[in-house]
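The structure appears right after this line, and notes come after that.
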Amino acid sequence: MQVLVRDNNVDQALKALKKKMQREGIFREMKLRGHYEKPSEKKAREKAEAVRRARKLARKKLQREGLLPMKPKPAFGAERGRPGAGGPGAGGPGAGPRGPR
């Protein structure tokens with residue numbers, strides 16, 4: 001895999017490399033090959049992935065046909081983890097430990 005470095009801008013080249021690797025699925029492959037996966041576990045994982053893909057395809061089809069509402073786009077800054085976004089795990093004033101469990 002090749003990435004051009006323009007004007008000695010290594011940060012931009014690294015960003016482009018990570019994007020290419022993500023698109024090619026290299027990170028996912030590395031994670032899967034990080035430890036041995038039993039054939040039965042591999043089969044179960046692949047089956048679950050196929051079910052997930054089929055559900056997603058069916059959901060998209062229903063949305064296109066107008067039988068399901070389209071997923072609303074989040075308001076600007078309302079993404080999870082952004083400052084001032086609110087919601088679970090967002091922090092903010094009064095955010096502290098959850099307390100005893």
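Each residue, glycine too, has its Cβ placed from N, Cα and C.
Note that the structure is predicted; figures quoted are calculated from it, not measured.
Over in Swiss-Prot, the protein carries these features:
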- 36-52: compositional bias 'Basic and acidic residues' (COMPBIAS)
- 53-62: compositional bias 'Basic residues' (COMPBIAS)
- 83-101: compositional bias 'Gly residues' (COMPBIAS)
- 36-101: region 'Disordered' (REGION)
For this session: Kindly report the helix/strand/coil residue split of the compositional bias 'Basic residues' (53-62) according to DSSP, in that order.
Result: 10 helix, 0 strand, 0 coil
Exercise. According to DSSP, how is the compositional bias 'Basic and acidic residues' (36-52) divided among helix, strand and coil residues?
Worked result: 14 helix, 0 strand, 3 coil
